[in-house]
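Trainee: If you look up Swiss-Prot, you'll see 1-13, 91-102, 178-198, 278-285 marked as topological domain 'Mitochondrial intermembrane'. The repeat 'Solcar 1' feature in Swiss-Prot is assigned to 8-94. The transmembrane segment annotation in Swiss-Prot covers 14-34, 70-90, 103-123, 157-177, 199-219, 257-277. For 35-69, 124-156, 220-256, the entry in Swiss-Prot reads topological domain 'Mitochondrial matrix'. What Swiss-Prot lists as repeat 'Solcar 2' is 103-185. The repeat 'Solcar 3' annotation in Swiss-Prot covers 193-282.
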């Protein structure tokens, strides 16, 4: 039985997403580790800024400490991106029903927002494990690795940050919207995109994504990295966490870790779309 064109397109999107997730993780994980550490240090002031966080981490824990927690996202981001591109393709096909006309920017952005909430159910547990492992410093460790972490926190712990993750991932409207806009300006006269142009468009998409959701990402990181055995829990929920951040650090607290995030976003998201477009190119319909 020969697969239909629609089925082949779905499979191709899932494969492209898987490859893009691996590329994104390898390119951006060190910056992500610095981001999470700066976001979750609270009022203790462990680090004086991005440069100090980087040098302290290397000095105390070695270079590969920047890749702490990389196992879950290496596999996890591949799964997340696979679901993201696959779901985006399906949602777009449901929203844009008139195939005789090109899909509009508005339809792409609405599709991205819906996709964000769908993907949150996959992203939340994976990123919770990653974040918990990233903030383990030298000394006593709560978790011996991803499996031990999952066993200790359970299903409830894996999904504790689902709501802020949903709001954060909702910004896929900006991600895919910015990528589409960038493509329109960067395409060559024949309509094609080189790998370099795809990389730039991906970097722009990533920048748009983070600019529109970073405060939610800070809240999400705080909730994700709470010790599983803490009683009573530090935060009762997303709103309580937001109030605590504002009370302690003011508005600037919602932008902690933004510098490494911006440094990470171009290489990571550029690599994401280059890998994705390569799969689309080498596995034609």
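Glycine is treated like the rest: Cβ placed from N, Cα and C.
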Trainee: Under a Cβ pair cut-off of under 8 Å, which of the recorded stretches 14-34, 103-123, 157-177 contacts the transmembrane segment (70-90) most often?
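Mentor: Checked against 14-34, 103-123, 157-177; highest Cβ contact count belongs to 14-34.
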Trainee: Can you break down the repeat 'Solcar 3' (193-282) into helix, strand and coil residue counts using DSSP?
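Mentor: Helix (H, G, I), strand (E, B), coil: 70 helix, 0 strand, 20 coil.
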Trainee: Would you list the DSSP helix, strand and coil counts for the residues of the topological domain 'Mitochondrial matrix' (35-69)?
Mentor: 23 helix, 0 strand, 12 coil
Trainee: Could you count the residues of the topological domain 'Mitochondrial intermembrane' (91-102) that DSSP puts in helix, in strand and in coil?
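Mentor: For the topological domain 'Mitochondrial intermembrane' (91-102), the helix, strand and coil counts are 5 helix, 0 strand, 7 coil.
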